Each structure stands twice: as C-alpha cells, then as structure tokens.
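Only one structure is covered here, and it is reproduced in the block below.
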Amino acid sequence: MKPFYREKYGGCMVLSVDDDPINQMVVENLLSPEGYKVEQAMSGSEALDFLKKTATLPDVILLDIMMPDMSGYEVCQEIRRRYSAVSIPIIMVSAKGHPEHVMKGLEAGSVDYVKKPFHRQELLSRIRAQVRNREIFEAEMESRKVTEMLKRILPLSVIQRLQQGQSMIADAHDEVTVLFADVAGWLSSQSLSSRNTTDVVLILNEMYSVFEKLLLKYQVFRVEHTGESYLVVSGHDGTGDHIKRVLSMAVDMLSAVQQLTFPGGQALTIRIGVHTGPAYAGVVGIDNPRYCVFGDTVSVANALEAKGFDNTIHCSNAVYAAVRSKEGDRGSAKFAPARKSMATGSDVMDTFIFKGGSWEAALKQLEEEEREKEALERESKQTECKEGDKEADKEGAEQAKARAEALEAQVQALEVERKAAEARAEAEATEKRLTAEKLAVEKAEKAAARAQADLLRNRAEAAEAERQKLKDSMAVYERLLAEARNAVATAAAHAATNGNRGGGGNAAAVALTGAAPLVSFHEPHAAAATTTAERDLLFSPEESLAPSDIFPASVAGSAARGPGSVVAGQVSQSFWNMTYPIDMFLRDIGLPQYVERMRSQEITPLVLASMKEKELEALGVETLGARRRIIEASKQYATKVKSTAKMVALYRDGQTLGGGVPGLAAVPTPTPQPPLPTGVLLAPGAAGLRPLLTREPSVAEAPTAASGTGGAYGLAGSVRQVIDLLE
C-alpha cells in the first residue's frame, strides 16, 4: 500500500473533488493558510486517476455529490473498494442537506457530511477530527503489535504489571499446575540418524504450531521448550481452574500428536507428566527477558514424565486428590492407579494415569511390568529355595497362580470400571449438550422477546409523536380556517355594503375589463420595518393613486375608508416587514469583509441585484469570485421578493379600483418623472438612495381627514409595475 502524505512529509494533504472552480478556490483559500496541502480534481474520474498515479495518498478527501461524469456516491463507493474508511476518510460536501442525502452518503462509505455553504471553522474542525482519529487508530495498532510481541515471551498478567510501572517481577505462588512433555524417545541420536533432518524439522513445526493454538485455547503459558521438552504452567495468573485447564490441554496434545506421522508412516509418541503445588516465578534477564518457573513442583512433573508411558498423562497424587475433592467420585473415575510408592526426588508418592490418550495401553504395560517384576521375584525365590522341598515349590506355584488370578480379576474389574466410566462420561456429555442447547434456545427466545419489546416501544413512541404532530397540525388548521372564514365573512359583508351603495360588482368588472388594479404605498415617518431606499428601488411614482387596502397608508387611513381586506392587510404588512440587512446578507454568503463598505454607501440586497460587476469592482469588491457570488445571491433574493409581490397581488379584494369602473371616482395621475440613468454610482446619504423617488407631496400625502398621514413619502404604482420592475 502506498504511504500517506502525512507519514512521509509530516503535513496533511486534502484532495478536493468538485467540478466548480469557485468552490475549489474557496477550499484552497480556506485550507492553505492552515498548512494543508490541497490537491484538486474537477471530476470523479480525475480523482480516481489521481489516487492511482500519486506517490503519496491523501489524508482526507472532500467529495462533492453533484458532478457530471460520476456522482459523489459512485466515486465514494469506488474508493471504498480500494481503501478502507480508516485509511482514507471521505467527507461529503454538498448543498443537499436532506436526511436522505446524508444517509446515502454515509452508506456509500463517507465518514462525515458537510452542507454547503459551510462555515470555515466547522470544515476545519471536521478535517482535524478525521486526521486525529487516524492518529489515534495508528497509535492503538502500534500498541497492540507491541503487546502481541510481549505475549510470546511473557504472560499477559506480567505484561499488564510491567505496563503499570512495576519493574521487578518475582512471585511466590502457593499453588500452580505444571505440565512437562517430553519427546526424547524419538529424538535420540540413533533415531535421528535414520531420518531426514528436513522431515524432523517439518514434523516439529507442525506439532508445535498445534501446541501454540492449544495455549491460546486454554489460556496457559509456555515457559520454555527445546527440541526434547515442552513446559507449560497455569495458575500463575490467579486462575482457580488451572488443574482442569492443564489436563484438558494434555488430552488435546495427545490427540494432536496421534494425528502426526513421519513420511514412512511411523507414529509420534510423547510422554506427559502433571503435578500441582507451590512454585516460584519471575522475569529473568535484561536484554532478553524470560519468564521462569522453578521449584520442586517442576522437578516432580519432570520425574512423572520420565517414568510415564507413551501417549499417556502421568499425574501425581496431589493432582488426583485435588480433582477428587472438587468433583467427588466423578473426578476419581477419571483416573486409574499407576505406580505405587514411586520416588520423585525427595518425595515418595502414589501416581495415577489420567484417562486420556493411550491410557489403556499404559495399564497393560504396567501390568506387564508387574508380571515381569513378579516373575523376577519368583525366579529369585525359586533360586533361593532351589534346595527346598517340593511342597514349598508347590505352595509357591499355587500362590503365584492365585496372584495371577487375582491380577486377572483386577484387570477385569478395571475393564468393567473403564466401561462404566465411559458410559458415565458419554451420559454426562449428552446431558451437557442438551443443557447447552436448551440454554441457547432460551437465550435466543429472550433476545427475540427483548427485540420485539424494543420494536413495540419504538413504534408506540413514534405513533405518539405522530399523534401529537397531527393534533398540533389540526389546531393550527382550525385556527387558520376560522380566520379565513372571518375574513371571507367580512369581505362578503363589505361587498354587500358597497353593492347597496351602487358599487357592487366592481370585482367582476375588473375581471372583465382586464384593467390592472393600482396600488399605493405609504410609510409613516417612524416606520422601521423596511427602509425607504429599498421601496424606492422597487417602485417608481409614475402614477399618483389613492391608497389601497392591500398596502394601506396607515391604520387611521384604513379606518377612514372602511374595514378593508383583513387577509390582504396582513399579507401586505408581512411583505413590508421582511427585512434583509446588508450585513446579514454578506455574512450568509461568506463575505463579511465588505459589510462596512456597503453599509457606508447604504447599499441593500435589492440595490445589489441591479448592479453589474464593474460597479461592484468600483465599490471595492476586488475578486471575481466575490463579485459573482454577490450578484448571484442578490438576484436570488430579488426573485424571492418578486414572487412575494405576486402573492400579494393575488390577495387584493378590489376595493380601490380605477380604469372606468362604474361607481368609482377617477384617480388623478401626475406627470411621470424622468428616470435616472442606470449604472450610476449614488452618493452616500438618503438622497443618493432614491433614484426613483421625487420628494413631492402626493395627493395621498396631503393631511386630509381620510388619510391622516401628512408628511409621508408617497409611493404609488400598480402591482404589475412592481413585478415588471423586479423582472
């Protein structure tokens, strides 16, 4: 696998995959000052080619979703076929922030998801987090490698003590179990001379590889081994079942050895001795430390192995007594008596054969040894009593025959006992298997019941949440329905009143004649929801009309004309309350450095929508990307305002109509003012922000009893003029 950039150069490389050069420039300007090396790919195929050809892999990949040749999901899946999520983390960067897109990106193999436009510190923090996670993972893997290497020469409990800061390991254990295995019988010089050395090494490797697996299986420790011996200890780490572990491992060792043969077909044989008792242990050596176990327990195990039998486990009386004390008669049935009063160094003890491996052959061999011993004794007695009378010889023969019969009976009894023990062992194994199967079934049923309960609880919570959501929605719907009914009732009453006065059917007349309804906009001096500059840029006073109930001049004016349209009044009021300050606008698009410059010129987002790149450059926006971003965002905002104006037009109720509608007075139209040239930079101040407004009192501005808004700026025009101007 190729090295990573951070491993070779110490820095961090980020591969940015995006088909938009502006986005690539933003990412580079963001990451390069922070010390990141940024590589760019304009498509998914280019990114895959880069990973194939580069000498060092990137540490993080920023991947866009919408690209021409391959989508980000496809690129991510292809990268995951080559590299894991731990090796190269992928962060999806897209304007799509719906949970379905996030879920799809994570399922494709990404480790994080960032929505455009992203915040500078957020993106940096996410990149640093991925780099930090990889460093932690690498440190953990290195620590595991060191621990695995130490496990080959030291027990895990000793490794943990050394890692905790303990420098000296010297322990005196009250009871440990030692297994001593010997293969000296077939590794003697005479046996080796008749075999190929390569065959011997191969068979040893195969045998010791099986033994190493057994060490892991039973969690015991191999103290040392040579070509002729294999020493294992258990209980040094505080485990209480060390005798059971060692005996089980010994049985598996014999089973494994019986499966191995030399190329000529000759079988392998080993002898095993097991003893339990006190022992000393410690780490010896500085440059090459070794874990050593020494004491009489090791010597006794060695003696048991030396006087044992081929493919048999020769145990001490201490092992037999310990198993019998824990398991009773069932434990004693696992052993067969072996040698009586065997000398093991300074101790003399009775020994036993654990029923595993070729224990039956060992008993027969033991009987043959006893017979040979008795025969020798008999011959000796016969030699000593050679000159005795014949009666003594006869009695000796009878005694020998009786002893032989007794031994035969003993052999038969042992055979019966063996068969009974095998039957009991088979019954116990069957009972254990049935119990294990029953426990497994019960465990599976409990797990299924818990899963079903969790599923039902989650469904209940989801149903409750959905029920509450529907309840809230119904409450809002009922409230809006009531308001709409009240508004319709009020409009119907008002229409009926106008009809009685002779002005009925004006809405139908408007629809038939196709005349554009005219509206007038007025703002009191103390209004702060919408700036005068924004309204002046939206509407031109080509006509001076009476105030409309869609955009009422004031509350008093509306009251003077009548109740008006409640819905239209609320919509128009919400329309004028929608403010978008220039500082908020620039921060939202990631250009806060131009806030003071625009604010000093009293520029608004709607003013920016009518500007060109040269005008923005004259205002101090130097970079091409920034100018294009400002123009695109301001045009999007102007489009939203236009759609809102259209919506307002749909809510008019036709109270103030012109164009020759019967029953309505004609509205005077003032002389239109010539518009100012476009593209001209305006001077700072309120006067420079009103290119479409002439400060002349309008008819609606006169301090009459009907309007009550003297001194306000008169803004008159039709809704169609508003929409045309925005277009």
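In case you wondered, yes, glycine gets a Cβ from its N, Cα and C as well.
Sequence annotations record features per position, and here TrEMBL assigns compositional bias 'Basic and acidic residues' to 372-404. Listed by sequence, the residues of this chain that lie at least six past the ends of the compositional bias 'Basic and acidic residues' (372-404) yet keep a Cβ under 8 A from its Cβ atoms amount to none.
TrEMBL lists 13-131 with the feature domain 'Response regulatory'. The average pLDDT for the domain 'Response regulatory' (13-131) in the predicted structure is 87.
Per TrEMBL, the feature domain 'Guanylate cyclase' maps to 177-305.
Helix first, then strand, then coil: DSSP counts for the domain 'SAM' (582-640) stand at 45 helix, 0 strand, 14 coil. Per TrEMBL, the feature domain 'SAM' maps to 582-640.
As annotated by TrEMBL, 4-aspartylphosphate applies to D64.
Under the heading region 'Disordered', TrEMBL lists 370-404.
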Using a 10 Å radius around its CB, how many other CB atoms surround D64 (4-aspartylphosphate)?
24
Which residue counts does DSSP give the domain 'Response regulatory' (13-131) for helix, strand and coil?
57 helix, 26 strand, 36 coil
Residues in the region 'Disordered' (370-404) grouped by DSSP into helix, strand and remaining coil:
30 helix, 0 strand, 5 coil
